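So the structure is just underneath, and the comments pick up after that.
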Amino acid sequence: MKTLLLTLVVVTIVCLDLGNTANTLFCDNSNVPSIRTRKRCLKNQKLCYKMTFFTPGFGWTQIKGCIHRCPESTPNEKYQCCSTDNCI
């Protein structure tokens, strides 16, 4: 009986943990356009983003990753956000 109870507890913990990871967003974390690096976002980060900005001498540069809300674009920084896995 103790073994059955212990087994049920372990199965419950594993299932709950899998449920939490199923709701986790994955975003591309690479700053190189031709390379994708998958990164698991934190629970409060529900968006993937790409920020593009101009750097004198280098041209347009991008930074990608996870974020909790999408900032507004400015003339010098352009943001794109989306809410599905590896969407940017």
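The backbone N, Cα and C atoms fix where each Cβ goes, glycine too.
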Using the record from Swiss-Prot, pick out the residue from C15, C48 that is joined to C27 by a disulfide.
-> C48
Choose one of C70, C87: the cysteine that Swiss-Prot connects to C82 by a disulfide bond.
-> C87
As recorded in Swiss-Prot, which of C41, C81 forms the disulphide with C70 | C81
In Swiss-Prot, C41 is disulphide-linked to which residue out of C15, C66?
-> C66
Simplified to three states, DSSP reports C87 (disulfide bond) as coil
Taking just the CA atoms, what is the gap between C41 (disulfide bond) and C27 (disulfide bond) in Å?
-> 7
